[in-house]
Amino acid sequence: MGKRIRPQRLGRGGPTYRAPSHRYRGRIEHRPYDEQEKKGKVVGKVVELLHDPARNAPVARVRFEDGEERLILVPEGTKVGDIIECGVSAEIKPGNTLPLAEIPEGVPIFNIEGQPGDGGKFARAPGCYATIIAHDVGRTYVQLPSGKVRTFDPRCRATIGVMSGGGKREKPFVKAGKKYYHMRSKGGKWPKVRGVAMNAVDHPFGGGNHQSPGKPTTIARGDPPGRKVGHIAARKTGRGGRR
């Protein structure tokens, strides 16, 4: 009997394969959509920029005029001491949060709500932004970073600007240790060893004098977890012949 393979250990959900969420800053979203925002604006000040292990972009701690402190996503160029406004009468300026109906066409935005008051669901990745294409009665057309155009309720809020943290993927890791700790912070397991490179006790494709599966790589849908590796329930494999 061989050892349990990686998919079996991952499915068990032990601490090795769980994301260390106890280190995360928590939910990062817009402030509650209250009457103060619907009729005017709320003003806050950036008091601190923080690193969040859960994401690749910095987050800002903002202290609002009523004394409330909240972590929010901020655009490129934000610094400690900047003033942030939230509400229908907020100024059209990077970092401010307004309903889509109040934002002109062509302005870059991020952290867009899917439903009014849900805190933000779209365009939250580092360095990304969406663009308002057009306003219509009861709907706003927004082009997402993927290029897809989606309609939103005009009451949904968004933050003006380009999401901070851009260029993250352009910087090389250089060292394997950095890549390991980066993956570990999100619960990823790295490096991922190939089955044919393992010993026979560790994987069905392991062992032998040279690296090869040594058996058919197609596997039935109902086979047990310890054997279920390779092409699962494949209708065909390979490139196929030209007809």
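The backbone N, Cα and C atoms fix where each Cβ goes, glycine too.
As recorded in Swiss-Prot:
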- 228-243: compositional bias 'Basic residues' (COMPBIAS)
- 1-23: region 'Disordered' (REGION)
- 204-243: region 'Disordered' (REGION)
Folded-back contacts onto the compositional bias 'Basic residues' (228-243), same chain, C-beta under 8 angstroms, at least six residues removed: 5, 7, 195, 203-205, 213, 216-221
Within the region 'Disordered' (204-243), residues counted as helix, strand or coil by DSSP: 0 helix, 4 strand, 36 coil
